[in-house]
Ligand code: WT7
């Protein structure tokens, strides 16, 4: 990390937007002035201009009960109507909403008129199953149009969705379905991944199995199953229904009812510093306003001519905000791709860009770095000349990857917007505006208009130019989380207790001499692996749940491709030493155990079996020292350890392997 910071501080290159790009751009620097003059009025104007309100709001922000914000709260709207019907009514029904590409090369083109009709049908199906305002629906689907249709159908009825990423395990589904008391689960038999069908329904079946304790079987009345993988599935009569059967029976007429701006739109679970994922709650009007605004301003959106491709899965916040809500609210044409970047060949993404003439491409640094490793020859085989703008999200992008992205994918011309935000912020918070900002490789740069951000020290005092500290948001923003589902105390504690009146993001940051922001990674026990957030505590508790494990400590070690990688140190129980010695590859056993408990994304890269863990006299594990070992560095200051020889032993054990 330190060497990385040093490198960043010597990064002085700047890339101004081309004269042509600025001239043709949708937004200009005036936005900053407008927002500065009257921040709330600025957001009110965005809300009025970008969205359709059935009942116009008269109040912009209610911050009388901080940290619980209400935006536009006396207004009413329907989120799905804003993403669908109004585009059709405006005469744009034949515009393509999605160029969908299956991993096997099968395709589907879905226009706004078709998407609207499908969502209306699905809303009727869901309403028939008893779903309405005040309910939650869990969605566990591959990247197929039905994922988007399901989300919008839930939104149309005023219910809230909880999308669970397809890579999560049965246990993770169970805890999420349970926490939100979901009434319905929408899943598929399976989806295509890496050249074969990866089953999904069995995980839902296992999650809903009665286990004697109170569980999701208490709340879930139906499972709606999309046929995609054509794999064999078990069937629970009176509970399971085929999507295509129900859709065929449903009417395509459905009038969207307007709901309050603060009606819950979705819950999305994300890892925190404890073992239990947090259900981040987002509501309707403010969230949709900021998604639509940032999508338009940051990506310089031209809805008639752009083809936008955000590669994120809808199981993550990036997919919610920049595949579903922002782009559809703006009437955008998009690419939706089911599979992995390297199936059936490593040029698959570039082939898709060429095929659909993608103009705006938004992906994560980890993907860029893995393509970089494969070499420029692969993307060079495809015509990428349609690209005019590139985006990055999920983790800091190192200047080397930034330069490669610009040169090889952006033909040395496309501006790059490095966008910082979080599941909790709902939408982009820090980013260049491509027509305005001179971009700097590696820096996310400046808060977008209407957003107030600072870097402060431990006492909450702004550090000023050329210094480092903690990133905070100093004013409420429209897409901010409204809380943690069912746990208002945890919401206050996690984000607001540290500074009282400022939102603590959990990221370290530095301001350079020009006031631009450089993100430096998490300052808490949250790891960022391939742009996905993982909690050390959650993986530790999964490891300790294995009968072999007495104690476990997990760290995020820097990794060339994935940014960070999960590295675990495990102590085996005395009573299990013999049994575990008989296992040929104990690390593999524990790795796959974590995969089963949480999901494949959480599987540690390395598992080291050790006899001791470094602890302070008060018993706190010193992860900093373990990170030194995991990164192959000389171990730092050990003087606060209860037993200072422990690190020599651990280093010896790890390097002996
Ligand atoms: C964490 C949020 C929101 C998109 C996907 C991740 C890190 C995100 C950047 C960036 C440096 C970034 C932060 C943040 N992060 N974008 N452009 N530069 N770091 O959402 O899973 O909620 O994770 O991702 O550490 O706190 P998430």
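Glycine residues also receive a Cβ, built from the backbone N, Cα and C atoms like all the rest.
Quantities reported herein were computed from a predicted structural model and do not represent experimental measurements.
Taking all protein chains in view, 12 other C-beta atoms sit within 10 angstroms of the C-beta of residue 196 (CoA binding site). Under the DSSP three-state reduction, residue 196 (CoA binding site) is assigned to strand. Feature annotation from TrEMBL assigns CoA binding site to 193, 194, 195, 196, 318, 530.
For residue 394 (ATP binding site), the same-chain residues that are 6 or more apart in sequence and have a Cβ closer than 8 Å to its Cβ are 318, 364, 365, 366, 528, 530, 531, 532. Residues or ranges marked as ATP binding site by TrEMBL: 394, 395, 396, 418, 419, 420, 421, 422, 423, 507, 522, 533.
Cβ neighbour count for residue 544 (Mg(2+) binding site) (all protein chains, 10 Å cutoff from its Cβ): 15. TrEMBL lists 544, 546 with the feature Mg(2+) binding site.
Annotation comment: TrEMBL describes 30-83 as domain 'Acetyl-coenzyme A synthetase N-terminal'. Mean model confidence of the domain 'Acetyl-coenzyme A synthetase N-terminal' (30-83) amounts to 98 (pLDDT, 0 to 100 scale).
Residues or ranges marked as domain 'AMP-dependent synthetase/ligase' in TrEMBL: 90-485.
Feature annotation from TrEMBL assigns domain 'AMP-binding enzyme C-terminal' to 538-620. Sorting each residue of the domain 'AMP-binding enzyme C-terminal' (538-620) by its DSSP state yields 30 helix, 27 strand, 26 coil.
In the structure as shown, the Cβ atom of residue 620 (N6-acetyllysine) sits within 10 Å of 11 other Cβ atoms. Residues or ranges marked as N6-acetyllysine by TrEMBL: 620.
Of 193, 194, 195, 620, all annotated as recorded positions, the residue with the shortest Cα distance to residue 423 (ATP binding site) is 193. Taken in sequence order, the binding-site residues 194, 195, 544 that lie near ligand 1, meaning a CB under 6 Å from one of its atoms, form an empty set. Cα spacing between residue 195 (CoA binding site) and residue 544 (Mg(2+) binding site): 34 Å, rounded to the nearest whole number. Under DSSP, residues within the domain 'Acetyl-coenzyme A synthetase N-terminal' (30-83) fall into helix, strand and coil as 25 helix, 7 strand, 22 coil. Taking Cβ-Cβ distances under 8 Å and a sequence separation of 6 or more, the neighbours of residue 421 (ATP binding site) in its chain are 317, 393, 427, 428, 429, 430. Of all the binding-site residues listed here (195, 396), the one with the fewest other CB atoms within 10 A of its own CB is 195.
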